[in-house]
There are 2 protein chains.
Amino acid sequence: MGKTDWKEEAKELKGKVAKLKKRLRRIAREVAEEVADKAGAVETAIGQAIAPAKGKAALKTSPLAPKAGFPALPVIDGVEFAAVQAGVRYQGRTDVTLIRLAPGTAVAGAFTRSATRAACILDCQAKLAQAPETDAGAAILVNSGNANAFTGLVGENSVAAICAAVAQVASVPAGRVFTSSTGVIGEPLPHDRIIAKLPDLVGALAADAMEPAARAIMTTDTFPKGAMAEIEGEGGTIRIAGIAKGSGMIAPDMATMLVYIFTDAKIPPALLQRMVSRQVDDTFNCITVDSDTSTSDALIVAATGRSAAAEIRDLRSKTAREFESALRGVMLDLAQQVVRDGEGATKFVEIQVTGAADVADAHRVAMAIANSPLVKTAIAGQDANWGRIVAAVGKSGARADRDRLAIRFGEFVVAEKGQRAAGYDEAAASAYMKRDELVIGVDLGLGTAARTVWTCDLTHQYIDINADYRS
Amino acid sequence: MGKTDWKEEAKELKGKVAKLKKRLRRIAREVAEEVADKAGAVETAIGQAIAPAKGKAALKTSPLAPKAGFPALPVIDGVEFAAVQAGVRYQGRTDVTLIRLAPGTAVAGAFTRSATRAACILDCQAKLAQAPETDAGAAILVNSGNANAFTGLVGENSVAAICAAVAQVASVPAGRVFTSSTGVIGEPLPHDRIIAKLPDLVGALAADAMEPAARAIMTTDTFPKGAMAEIEGEGGTIRIAGIAKGSGMIAPDMATMLVYIFTDAKIPPALLQRMVSRQVDDTFNCITVDSDTSTSDALIVAATGRSAAAEIRDLRSKTAREFESALRGVMLDLAQQVVRDGEGATKFVEIQVTGAADVADAHRVAMAIANSPLVKTAIAGQDANWGRIVAAVGKSGARADRDRLAIRFGEFVVAEKGQRAAGYDEAAASAYMKRDELVIGVDLGLGTAARTVWTCDLTHQYIDINADYRS
C-alpha cells in the first residue's frame, strides 16, 4: 500500500477516464448515426406519405398496364415512322412524330364531335371529305405538349404552315398531310420548333420505328400503347398494327384520343371508312375515364395496299369480314389500353348492361354508371356499394323499372327484383372488389338490347395529376 | 512532489470520472429528450401529411360554411319539431326528426325524377297528388343513416308502418304523413327503431326546435343549413323558414336532397305548388356537387295559414309576387348552402352562362362545366386552366361557335373570339383563382338566353369521404 497504491489507482483512473472518453465518443457517434438513419427513414416516410399531394412527382406506370409490355408489332409495308425532341413544351423527351405513307395508301378517320374542336381536327375532316388522291402518298405529323385548340386564326395558320412544310420535305401533297396536336388547350402552338426538325425527321424515317412513335405522342400516359392483328387474305397475309395515346379527358364522342392504325390491306378508301365508322361506336365510343370529351380526339386508319393478298372489294366477302373483325379487335385493344392508363387508375372495370329496351338506353345506363363519381370512388375504396349503381341507373334518363333491375359483381348477384338478393353475401362481394379487374353486370329486365363499356376508378392520383397539369 | 502528488492526481481523476459520468448521463438525457421531442414533431407532421388519406377522420366544418353560423330562424306558428337518437345507423347523434303541422296547413312538394326513386318518395308523390285534406293537420318524419331505397316491397311496408304509427301518435291522418329517408341505399330500414321512439318525439315537440331538426337530418353534411325571409302581407307579417341537408350525390333533378320550408302564409295548396314547381328549376335544379342524382331528393313546403296577413289568392297580386320572391330567396339560399357543404369542397363556384340560343342550351353548357372533373380539379389546384372550360363547352352538346365564345374569371376576360384574350394576364388570373368564391363567365355569343348554376371543386377529401362512406 502507500505510494504505489496511489500510483496504481491513478493509472487505473486514467484508464477509466480514457475509456469513458472513448465511450462518450462512441456513444456520440452512434447517436449521431442512429439519428441520421432515423431522420433518413422519417424523411422517406414523410416523402411517401405526402407524395400523393405532390402533383409534380413522375408518374409511375399504371398497375393496369399490359403485363407483357409493348407488343412486337409487325412492319407494315409502306409505312415509316420517326420521332424527335422538338421542345414544343416538354424537355428531354420526344414530342414530334412524322409518319410517311406510301403512294396508294387509303386513309380513313373518325374525329371528335366537340363543338370546340381543334384546328388540326377541322383540317383533317376537310381533307378526308375530299376525293382522295391515293396515288400521291400521304403523311401524318403529331406533336404532344400543345393541343393547338382554341387558338383561333393563329392556330389555323400553324396547321397550314406545318402541312406545307411537311409536304415539301416528305414529297407528298399538302392536301394529304394530316396533323394532330395534343396537350394544353388555348396556347399558341410554336410551330417553328416543329418545322425546324422536319429535315431530321425525314432523315430518320424507318419502317420498324413504331414504338418510338407510340412514346412520342404520350402526354400524361404512363405507358405506350400498341396492338396488332394478322389475317390470311386471298393470296397473302394482311397485317394490322396500331398505336394510341390517352389517359385523361377521355370520353370519346365519335372517336377517341389519338389513334393511328396501319395495315397493308388493299382496300378502297370508301370501304375502309365504312368499316372504321361502324366499328368506332362500340370500341372507342364505349370507353370513358372521366366523362370529359377532348377537343382533339382523332383516329386515323391507313391502308397501304402492299399486302400480296387480293383487294377487298365487297364488305360481305370472307376476307372483308375477317379483316373488319381483326380491325375491330385492334381498335378495342387500343381503347382498353387507354382505360388501363386512365389517370390515377387502379381498377379496370367492364360494365355490361343487358335487358335494355334499346341500345341507346343500354349505352346511357352503362355510361351513367361508368361516369358516376360515387361509383368510381367506391370502386377505388374497394367498397361493394351497389346502391350507387342503383342511383346511377335511376339518373341515366333511360327507361328502367326498379323492380325488374338485377345487379351482379362478376358472378355474384347482389340485387334483383328491386331489392338486395336473397343470398347476398357482403364478405364475398367485398372480396371480389379487391381484384384489379372487375365486371359489373346490370340487367334492366325490359328488352334484349345490350351494351358493354369500359372505365376505371377515380383515385387521389387523378386529382394530383389534374390539379397540377399545366404548371 | 511524490506521495501527495499521486493522491492529488487520483482525487482529480476521480473528480473527472464523476464529471464525465455526470456529463454522460446529461447527454444521454438530453439526447433522449431531444429525440422524443423530434419524434413527437415528426409524428405530428406525418399525421398531418397522411390525414387526407384517412377517410375515417371526423369531417371538419366546410371552409365555405356561412361565417355567421346557423341563422336565427323565426318561429312559424303551427309548426313543431323534435329530434331523437334512434340508432338507425349512426350512434351518439340524433337521426330521427318529427315535424307536426297544424290543421289547415297547405303542403306542396318537388321530388327526384330518378327512375330508381325510394319508397318514401313514391309515397309522398302519391299523397300530394290526391285532393288535400288541409283541415286535418299533417306530419313529416325524417330519418338519416338509411335511404330505404331499392328495398322493394319490404321498403314500401316500412313506409306504411311508419306512416300508420305517426298518424296514431300525432293524431293526423296517415294520408297526410310524409316521410323521407336518407343514407345508405339498398339496406332494409329498421323501422321498428323509429316507431319505438315516436312517443318520445311527440312529447318533445316544440315550435323553436328547428335547428335540432336541421342537425338530425344530416349525413355527410358538415354544418346544418337554414334560411329565412319575412315579408309584409296585407294585415300582417308573413314568415318563411327552411332547413336542408345535402353534401354528396348532389345533382338534383326536379328537386334536391332533403329540404323542408315552412311559412305561416295563408295560401291554397294548388297555388303554393305552382310557385314551388316554377321556382325549383333555377334554384335546386341549378346546383351540382358531383353530377350524381339521388334516389331520395325531396323538397316539401308547408304553409300553416296562421299569419294575420290576408290569404294569397292571385299569383299576380303584390303579396303573391313578394311571397314567391321571398320563397325563391330561401330556396336559393338553402341550395347554395348545400353546395357550400359539397363533399370535400374548398371553393364555391358560380358559373354564369350568357348569350345562349335558348335556356336549355345555357343550362347544358353551365352543367357541362360544373360537372367536368377536369374543370373541378383545376379549380381545386387553383389553376386558371380555362382550356378545360373550352373543352366542356365543346362536349356539352349545346349549340356553340368556337369563334364567338368568350370566357372570363370574375372581371378578367381570359378568352374571346375563339382564342386567348389579347390582354390575358396569367399572373392576374392565377391570383384570382386563389379566392374562396369564384365566378366563371361564359358568353356563347349566339343569343340572349342565360343560366347561372353553382358548384364546388373536386378535392382529395371527396374521394376520402366516398371511398369509405359505407364502412
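The backbone N, Cα and C atoms fix where each Cβ goes, glycine too.
Annotations in TrEMBL come from automatic prediction, not curation.
Record features (TrEMBL):
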- B:3-37: coiled coil (COILED)
- B:Thr219, B:Lys245, B:Thr256, B:Glu343, B:Asn466, B:Ser471: substrate binding site (BINDING)
- B:Thr256: active site, nucleophile (ACT_SITE)
Chain A sits near which of the binding-site residues B:Thr219, B:Lys245, B:Glu343, B:Asn466, counting only a Cβ gap under 8 Å? B:Asn466
Within 10 angstroms of the C-beta of B:Lys245 (substrate binding site), what count of other C-beta atoms is obtained when all protein chains are considered? 27
Around B:Asn466 (substrate binding site), how many other CB atoms lie within 10 A of its CB? 29
Could you pull the average pLDDT for the coiled coil (B:3-37)? 76
